[in-house]
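Asker: I'd like to ask you about the structure that follows.
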Amino acid sequence: LTGVLDDCLCDIESIDDFNTFKIFPKIQKLQERDYFRYYKVNLKRPCPFWADDGHCSIKDCHVEPCPESKVPVGIKAGSSNKYSKAANNSKELEDCEQANKLGAINSTLSNQSKEAFIDWARYDDSQDHFCELDDERSPDAQYVDLLLNPERYTGYKGPSAWRVWNSIYEENCFKPRSVYRPLNPLAPSRGGDDGESFYTWLEGLCLEKRVFYKLISGLHASINLHLCANYLLEETWGKPRWGPNVKEFTRRFDPIETKGEGPRRLKNLYFLYLIELRALSKVAPYFERSVVDLYTGNGHEDAESKALLLDIFRDTKSFHMHFDEKSMFAGDKKGAKSLKEEFRLHFKNISRIMDCVGCDKCRLWGKLQTQGLGTALKILFSEKEIQSLPENSPSKGFQLTRQEIVALVNAFGRLSTSIKELQNFKVLLQQTR
């Protein structure tokens, strides 16, 4: 897998180097910080599209929620700053691994800032959302410690899993039913068609619709890579051993086994990485303002988390082969606006399909990664609003909730991990030849 990617002026080798030496080590560290490790998610929302075919009963599908009493106080309190000093000094407040006692609230917050935070909590920018967001106030929404529930192979597969991906590709990728996606086991027999008619059709699409397909395909490839890299290799005496499964990787990505389809999917992973990298470089001004605080209640840790995040933003800006999103939706204003809205609604639909995933762990990571990509798209289409943000007060034009921030960072962290895992598989394949 080498050379320049389609629809942008970037080559795979540059991304590999940039990711390995600059981004990957830092994003790993950031994901371990309290602000980014706790994600609130509703895993009980019913599937809106078809009758639920039962949840996965495999034990590795299970997600262990985090008791609210163990979530850092600043995260639990949300944006509205409703905490008492007594609650902050309580000795019972420990995180899921009973690690750090949390410091008291930052008393230097002015009343004006407090009002600003309350404003943020009330602000509803649903018109900009590319995702169906979980209602965090729902009694079914629970905090999950992402470090204790890693994404890996669970054994969830077969018709139920394929139905989800089939619905995403067949109904939401701007695709006519007469054109089959290559190697889709649920599609009717195609005779001698090896999928080339699909790519002829794809090349004939406008850039925006082509990009949409590549983002979904890249996300699918990334998730498949995580499952191959974190596979249940054996279980003896109840002790599981997880690690890379070269055979599974070959089955999903080898050019011969996939009739040339595997490398195309991996190229789409790189394309998705570029899109989310671009979004991170564009959203930097939002976080560079002093009014934005990655608040958990532990002042020292919060300052370190923000410094690390800003350091990553500096790296993203230094990358010299960014995707140029200005080439999208650049036609006549009326047509461009209608296409952008169509793009947004198709993606929103995909985020709703994630509630149809039968395995809780797969659903958790599917929801997080689609929300992260939806947040990246929201950022790319809000450039003017981000550039005109006031320094010391919240803007009504562009906001990110904590959920969106956590999803954005963790989703990009997953892509960064995928590209790193791909390097590992290249080494393993050379050793097995």
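Think of each number as a place in line: the chain as shown, counted from 1.
Keep in mind that glycine also has a Cβ here, set from the backbone N, Cα and C atoms.
Remember, predicted model here, so these are calculated numbers, not experimental data.
If you look up TrEMBL, you'll see CYS56-CYS61, CYS96-CYS131, CYS359-CYS362 marked as disulfide bond. Sequence annotations record features per position, and here TrEMBL assigns FAD binding site to ARG152, THR154, TRP165, SER217, HIS220, ARG252. Residues annotated as active site, nucleophile in TrEMBL: CYS359. Positions annotated as active site by TrEMBL: CYS362.
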Asker: Please tell me which one of the recorded positions listed here (CYS61, CYS359, CYS362) sits closest to ARG252 (FAD binding site), measuring Cα to Cα?
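Answerer: That would be CYS362, nearest by Cα distance.
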Asker: Counting every protein chain present, what is the number of Cβ atoms, excluding its own, within 10 Å of the Cβ of THR154 (FAD binding site)?
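Answerer: Here the count is 20.
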Asker: Do you know offhand how many angstrom separate the residue listed as 'active site, nucleophile' and TRP165 (FAD binding site) by C-alpha?
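Answerer: Here the two Cα atoms are 14 Å apart.
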Asker: Quick one: largest C-alpha distance among ARG152, THR154, TRP165, SER217, HIS220, ARG252, binding FAD per the record, in angstrom?
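Answerer: Looking at ARG152, THR154, TRP165, SER217, HIS220, ARG252 as a set, their Cα atoms extend up to 21 Å apart.
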Asker: Quick one: of CYS61, CYS359, CYS362, which of the recorded positions has the smallest count of other CB atoms within 10 A?
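Answerer: Counting other Cβ atoms within 10 Å of each of the recorded positions CYS61, CYS359, CYS362 gives the minimum at CYS61.
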Asker: Just to confirm: which same-chain residues, 6+ apart in sequence, have a Cβ under 8 Å from the Cβ of SER217 (FAD binding site)?
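Answerer: Listed in sequence order, they are ARG264, ARG265, ASN268.
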Asker: In angstrom units, rounded to an integer, how far apart are the Cα atoms of CYS362 (disulfide bond) and ARG152 (FAD binding site)?
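Answerer: With the alpha carbons as reference points, the distance is 8 Å.
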Asker: Show which residues of the chain containing ARG152 (FAD binding site), separated from it by at least 6 in sequence, have their CB under 8 Å from its CB.
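Answerer: Result: ASP60, HIS226, LEU227, ASN230, TYR231, LEU232, TRP242, LYS361.
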Asker: Please name which of the binding-site residues listed here, THR154, TRP165, HIS220, is nearest in space to CYS61 (disulfide bond), Cα against Cα.
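Answerer: So, spelling it out, the nearest of the binding-site residues is THR154.
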Asker: Taking every protein chain in this structure into account, which of the binding-site residues HIS220, ARG252 has the most other Cβ atoms within 10 Å of its Cβ?
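Answerer: Within the set of binding-site residues, the most crowded position is ARG252.
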Asker: Taking the Cβ of TRP165 (FAD binding site) as centre, how many other Cβ atoms lie within 10 Å?
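Answerer: TRP165 (FAD binding site): 17 neighbouring Cβ atoms within 10 Å.
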